[in-house]
Amino acid sequence: MDTLVAQLQRQLRDYTISLYHQGFLDDQFTELKKLQDECSPDFVAEVVSLFFEDCEKLISNMARALDQTGNVDFKLVGSSVHQLKGSSSSVGAKRVKGLCITFKECCDSQNFGGCVRCLQQVDIEYKSLKAKLQDLFNLEQQIVQAGGRIPQVDI
Amino acid sequence: MEVCNCIEPQWPADELLMKYQYISDFFIAIAYFSIPLELIYFVKKSAVFPYRWVLVQFGAFIVLCGATHLINLWTFTTHSRTVALVMTTAKVLTAVVSCATALMLVHIIPDLLSVKTRELFLKNKAAELDREMGLIRTQEETGRHVRMLTHEIRSTLDRHTILKTTLVELGRTLALEECALWMPTRTGLELQLSYTLRQQHPVEYTVPIQLPVINQVFGTSRAVKISPNSPVARLRPVSGKYMLGEVVAVRVPLLHLSNFQINDWPELSTKRYALMVLMLPSDSARQWHVHELELVEVVADQVAVALSHAAILEESMRARDLLMEQNVALDLARREAETAIRARNDFLAVMNHEMRTPMHAIIALSSLLQETELTPEQRLMVETILKSSNLLATLMNDVLDLSRLEDGSLQLELGTFNLHNLFREVLNLIKPIAVVKKLPITLNLAPDLPEFVVGDEKRLMQIILNIVGNAVKFSKQGSISVTALVTKSDTRAPDFFVVPTGSHFYLRVKVKDLGAGINPQDIPKLFTKFAQTQSLATRSSGGSGLGLAISKRFVNLMEGNIWIESDGLGKGCTAIFDVKLGISNESKQSCIPKIPANPRHANFSGLKVLVMDENGVSRMVTKGLLVHLGCEVTTVSSSEECLRVVCHEHKVVFMDVCMPGVENYQTALRIHEKFTKRHQRPLLVALTGNTDKSTKEKCMSFGLDGVLLKPVSLDNMRNVLSDLLEHRVLYEAM
């Protein structure tokens, strides 16, 4: 007979594992989790939210740049992609990072269509990741409120 | 009768003349015969006479002369031829003998004379020896007198007796009429007549000390003859016309204790003398002899020594009395103090028990009450009661502990315990409050800190709790770091190197906070009981002010030191203490799984690091990494800012070089320029996403000390940092 806490914990574990398996997150996210302790209990959440903000900003920049039809500043786009790649690799957003690499190549080869496509994909991707991570945090919240401890998930 | 050719005419023999001649011849003969008899008689009587045969000769000569004169008697009348023959024979013999005697005498008389001179010489010698004998005898007698006097004088240590005895004995030995001693007065300007021989109660008679006769006597150590009319010698009213006897005066040095140096005999530098005056009997025509003067001088010296001995004895008696008094007083004081301490201890013991019992009752019952159904107001009231009584209980414990500590009656309870666990436990106790106040606490244990140690676990925890608790209490913001390491004993300089001696080591704990800070002037007062440096703002933090005092006592009991450093108000402060702990040689049972062995796990606490990254997210992640490792991280987002902010305190600079182009690399060059001395320059590490050879070469050429591949894992960063700090270069972590 499972208590609520145990149930929630199991749910959390499963969900986290699925995220890793589906390639949304990679080892870097694990590293981030390691940096969270009593001194900085919301470290991961803060980093992740900063990342998403960054994403938004960069994507809008890139969108604007790409909208200048005929006069696309690929350098600007390229640098934004570079930034995004860095951020995503720091956070462990695996899929986003992968997309960024492709995006970079398109920028380098000044492939307008490719860039646009990549941009769209990145947009979708980061939003979905954001949603998923939000779920994850909600689960954690619930566990804490139920009086339990957030379990350590070993991938 | 033959005819003779005499010149004078012959006269006939007259009858009268004949008669006289006859008689004279007769007497001559008798005398001539008696002399040898006398000679023989006396020579026989005397034992010594060397010239006997001379005597015989002389006797023969005289006898024959007598015989001749005797025979002459018969020639006055007509006589026969026989008589003439005898007469002639006698005369011839006499002539021979007398000539021989005369010749002999020539030899003998000088001898006899020389005998006489020798006799005279011997007589003179005998007289001389007699004289010398007399002198020696006198000297011996003088010496005997001196010894006797000295013995008399030194047989007592009483000043008066000494002086009186001196006068008496001198008077007796030298047969003096009067003997007097003049002592200098307290002012030193006058001499006062202190003792006399004959007068029983001398009148208070003083003379000024500057008289010429006195100066003369004081000027030499010999006895000086002075006039009987001088003021010091006139002791009795002069009556009658008799002639006063000769007077001699001598100085007696009065020596002080301070004059007796070990190495040199006092050279009479005291200048304080007494005057001794000796008077021969008047009308005796006696004179002072040399040996008597010598006697007087010797006695004066002896008296001086005896007086000083008496003075020394007086001093030492006085000192001894004083010491005895002091001893008695000290004894009394000690007993009083003991009584007071005992009374206090009794009081404390009683009060302790009496106070604790009701206290326990209150706390227990209030807790129980809390468990029951209460209205909110009631609950609030009960909580307040509980809080207050807990506070009171703590206060009582503190006071009791402190008084026991001061007595020295507190003993440490030694036992083996896990030191690492102790620290974690303390931190766990403090963390809740710290989290509420948003004060991050970090704990850094040195890698060589022994895990199992011997010491008083409870009290050590009390100390650490107190110190860390203070840090939390008095900080409104900032972070608190607790560092524990092993230090060399008795050094105050922070030292990361380990030399534990034998079975003991010194644990050093540093608690650093960035809170309110302490005015450096107040630091000495911190450890005094009941003194609290607090403004109104911090008044709410409660506590009795005993915490640090008790901690200090415990630390001292553990043979350690505790002190606080602060840069001033608002700049935080660091509390540091050392204590001595024993190393336990029990086998290590690790309750907590150890970090997988990384032998070069160094301590990064407080390591100042600069992170330069344009990407906010990765900047944040890198910072999080480093903070987690204990570094003090400053972040900048551009090269200009980096160059502006970087200083010699930063040990490492992590710079992100992912951006294409060389501006970031240029930063490295500029940093090189900025820090000319190699040891001041921070280590430069590049964070990059590329790991190819060209990036590496580029980094090296721009003077970077290392390259790191992003994203960096925690373990990776840790290894990298320790490698870096150890070798100052890193080109392997790829």
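Each residue, glycine too, has its Cβ placed from N, Cα and C.
The following features are taken from TrEMBL:
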- B:Cys65, B:His69: Cu cation binding site (BINDING)
- B:Asn470, B:Ala471, B:Val472, B:Lys473, B:Asp513, B:Lys529, B:Ser544, B:Leu548: ADP binding site (BINDING)
- B:Lys710: ubiquitin cross-link (CROSSLNK)
- B:350-585: domain 'Histidine kinase' (DOMAIN)
- B:608-725: domain 'Response regulatory' (DOMAIN)
- B:Asp656: 4-aspartylphosphate (MOD_RES)
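Sequence features annotated in TrEMBL and their locations in the structure.
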| residue | record | Cβ neighbours (10 Å) |
| --- | --- | --- |
| B:Cys65 | Cu cation binding site | 21 |
| B:His69 | Cu cation binding site | 21 |
| B:Asn470 | ADP binding site | 22 |
| B:Ala471 | ADP binding site | 26 |
| B:Val472 | ADP binding site | 21 |
| B:Lys473 | ADP binding site | 18 |
| B:Asp513 | ADP binding site | 27 |
| B:Leu548 | ADP binding site | 23 |
| B:Asp656 | 4-aspartylphosphate | 22 |
| B:Lys710 | ubiquitin cross-link | 22 |
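Break the domain 'Response regulatory' (B:608-725) down by DSSP state and the numbers are 53 helix, 25 strand, 40 coil. Listed recorded positions: B:Cys65, B:His69, B:Asn470, B:Ala471, B:Val472, B:Lys710. Those with a CB under 8 Å from a CB in chain A, in sequence order: B:Lys710.
Each residue contributes its Cα atom, and for B:Lys710 (ubiquitin cross-link) and B:Asp513 (ADP binding site) those atoms are 33 Å apart.
DSSP assigns B:Asp513 (ADP binding site) to a strand in the three-state reduction. Rounded to the nearest whole angstrom, the C-alpha distance between B:Ala471 (ADP binding site) and B:Asp656 (4-aspartylphosphate) is 36.
A straight line from the CA of B:Val472 (ADP binding site) to the CA of the residue listed as '4-aspartylphosphate' spans 36 Å.
B:Leu548 (ADP binding site) sits 154 Å from B:His69 (Cu cation binding site), taking the C-alpha atoms as the reference points.
Each residue contributes its Cα atom, and for B:Asp513 (ADP binding site) and B:Asp656 (4-aspartylphosphate) those atoms are 31 Å apart. On the backbone, the CA of B:Cys65 (Cu cation binding site) and the CA of B:Asn470 (ADP binding site) stand 157 Å apart.
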